[in-house]
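Everything below concerns the one structure shown next.
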Amino acid sequence: MVKVNADYLKLKAGYLFPEISRRITEFSSKNPNANLIRLGIGDVTEPLPLACREAMKAAIEEMGTEDGFRGYGPEQGYKWLREIISENDYISRGCEISAEEIFVSDGSKCDSSNILDILGKENKIAVTDPVYPVYVDTNVMTGRTGEANSVGEYTGLSYIPINSENGFEASIPKDKFDLIYLCFPNNPTGAVATKEQLVSWVKYAKENNSLILFDAAYEAFIKDESIPHSIFEIEGARDCAIEFRSFSKNAGFTGTRCAFTVIPKSLKGKAGIETVDLWSLWNRRQSTKFNGVSYVVQRGAEAVYSKEGKIQIKKLVSFYMDNAEIIKSNLTAAGFEVFGAVNAPYAWIKTPKNMSSWDFFDFLLEKANVVGTPGSGFGAAGEGYFRLSAFNSRENVEKAMERIVKLK
């Protein structure tokens, strides 16, 4: 009989969002007339920006001609897209990131998982808690952890708590870690990292020869001009960080699939006594395992940076952030303790009356027909919290707030 990857069997339970779907399905089967409002999974709802749609339509027509047809593209992404990303997202902010250091992909979720392909299993790993489940689960699946304890913490991983008690600030560890996952603006808490905090992290990483995996998927939602949008705004980060970005939330590409990862050519790692550059390893990995993002989609992503695209993206981001403000203001006025939802599209809510995260999930589902995300699904430190997403229509967000406020 064929042998399986037994590390998958160590996963504590079903992935968070499939478990949510299971509970919704069970509830809906018993309550077929319930009008559910979903503020759980962070999927966008508004149409693709016009500039992106028009660019993709033109690309489709181009592909219908002999001269314009394209087959396999470069695994790293087309040069014209990488150059415009470099100019707009990095050079404009004083970051020395070249087009060659940008790898276009079909999602930051994939990249933050696949990056483990080029990193050794012996690395000591730290994650924030609560945390985007993919960081933890992919380490489990690739044999980098032991078993989980009763609250879902795995041996082999170290957890850095971020909560209301510490102002949602990820404290610099006293111990040495080789690999550190940071996500700011943070999913799920909505917290941000100041420049001073990121300077401290870069200093720590350089002193300990650590690698920071920095997820900046929500950078477009930052309103505070003092908050960095990229780890590479910090001096020295080129030597200790990889950054993941995505078009999913700012441009509505969750169903279109386009993202990118930045790996500076100066970034080094160890293979025994030999020093190797991570850029070359990732380039080799992508060339072997990835055929690139479609030409049509990359033209759509390119349009994000056009004059019209920038206006439309700004409007789209503002729409979701207005939703976030509606959630935060309504729930705060109703007596809930609400964090985030200022520089990120997520509201992180303290559950009332010491309810558990899943009990509050079931309570809102049954009493208000509103779906959110239990904080405990993001880690032990998320217990007693609940995440609501701003990704929905204005009508649904306002209606959901009316329902929840009535319960209070």
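A Cβ is built for glycine as well, from the same backbone N, Cα and C atoms used for every other residue.
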Pyridoxal 5'-phosphate site partner of TYR72, SER108, LYS109, TYR132, ASN187, SER246, PHE247, SER248, ARG257, ASN291 (as recorded in Swiss-Prot), chosen from TYR159, TYR218, TYR320: TYR218
Where LYS109 (substrate binding site) falls in three-state DSSP terms: helix
Maximal Cα-Cα distance (Å) across residues annotated as binding pyridoxal 5'-phosphate, namely TYR72, SER108, LYS109, TYR132, ASN187, TYR218, SER246, PHE247, SER248, ARG257, ASN291: 34
Between SER246 (pyridoxal 5'-phosphate binding site) and GLY42 (substrate binding site), the C-alpha gap once rounded to whole angstrom: 13
Nearest of the binding-site residues (GLY42, ASN187, ASN291, ARG387) to SER248 (pyridoxal 5'-phosphate binding site) - Cα to Cα: GLY42
